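Report on the following structure.
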C-alpha cells in the first residue's frame, strides 16, 4: 500500500504539473524535499545519540523495568501481545510519557527503541506486527498535556488567554487516542477473522 | 502555569535521576552512555533514504498544485458536514508535513485572531494531532519494516476522527463564535 501511495503522489504531481504549467516548481520540489529530509535526519543525530545513551543507562540499571511495572495494568490492555516483563514495555511507556510532556525530541529515539524491541518480538520479520500498528496509532494521535508551540504562537498574536486551549487539547487528544485504539482493534479483528 | 513548570524541569530531573540511579546500581554510566549513543548515529543514517523518498513525493504533490486541486474538489463536501472552508487546507497538510502545518496554523491564528473559532480550532488541531506520514516513515524506516500492514489506514482514520472530535470540542466549549 505504501508503494502505491508513494508512486501515486509522485505521478499525479508530475502529470498535474505538466497540465498546470508548474513543472518549474516541481523541479525545485524534488531537490528541496530531498534536502529537507537529510536536514531532518542530521538534526536528529544529536537527540538520538543523547537519549539513546541515557536510555542505555536506564536500561542497564533496571530503571526502565521499574517504570513498566508501575503502568503494567494499563499497558497490558492496550498491548496484549507484549509480554509484561519485556523491555519493549519500558520503551513504549517512556515514549508515551515524553510525548505527553511535549518532548518530541526525547520521544522519537524512545519510540524507535520500542519499535526495535517489537520487531524482536515478531521474530525480526520485516512486516508490521499488531503491536507496532497499535503503538503507531497512539503515536499519531499524539497524546499531549502541554502544546507549548501552539501556546507560544497564541502569545505572539496577543491572545487574551493563550493557555485556554490546553484543556480542550487534552480532551481532544485523549478522545482521539481512545478512538485510534478502537480503530486499531477493529482492523485487528477484521484481519483475524479473514486469516 | 504549574504544568509548564513541570514540563521545563522534567528533562533535567529525568537526566539526574537516570544518572543517580545508574551510579547507585553500579552501572558503568559513561561507557553505557557512549555505547547507547553509537546506536543513535546508526539509526539517524538509516532513516535518511526512507525520509528522502517520502518527502520528495510529498513535495512534488504539493508544488505541482495537485494538493490544492484536491482541496478545492473536497471543500464543498467538507462544508456540508460543518467544516469551515478556512480550515480545510490545514486538515490536508497536517498528516503529511509538520513544518507546513505549523506555518498554516500561525497564519490562521494571525489572520483570524487567536481567540476566534478558526484560531482556536487551528490551535487545538495543531496540538492534538501529529504528522502521520512522518511518524510512520521514521519509525518503520529505523527498524527496517517494509510492510506497514494497516498502520497507514489506522493512522489516517484516527486523524479524521481527531479532526471531528476537535470541531465538536471547540464548538461545545467555546461556541461557534
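Cβ from N, Cα, C; glycine included.
Going by TrEMBL, these are the annotated features:
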- A:6-26: transmembrane segment (TRANSMEM)
- A:38-58: transmembrane segment (TRANSMEM)
- A:42-152: domain 'Nucleoside transporter/FeoB GTPase Gate' (DOMAIN)
- A:88-112: transmembrane segment (TRANSMEM)
- A:133-153: transmembrane segment (TRANSMEM)
- A:165-187: transmembrane segment (TRANSMEM)
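Within its own chain, the transmembrane segment (A:133-153) is flanked in space by residues 78-79, 92, 95-96, 99-102, 111, 114-115, 118, 162-163, 165-166, 169-170, 173-174, 176-177, 179-181, 183-184, 187-188, which lie at least six positions past its ends and keep a Cβ under 8 Å from the stretch.
Across the range of the domain 'Nucleoside transporter/FeoB GTPase Gate' (A:42-152), the DSSP-based residue counts are 83 helix, 1 strand, 27 coil. Within the same chain, residues 78, 133-134, 137-138, 140-147, 150-151, 154 sit at least 6 positions outside the transmembrane segment (A:165-187) and bring their C-beta atoms closer than 8 Å to a C-beta of that stretch. Long-range Cβ contacts of the transmembrane segment (A:38-58) within its own chain (Cβ-Cβ under 8 Å, at least 6 residues beyond either end) map to 64, 90-91, 94, 105-106, 108-110, 112-113. Model confidence over the domain 'Nucleoside transporter/FeoB GTPase Gate' (A:42-152) is summarised by a mean pLDDT of 84.
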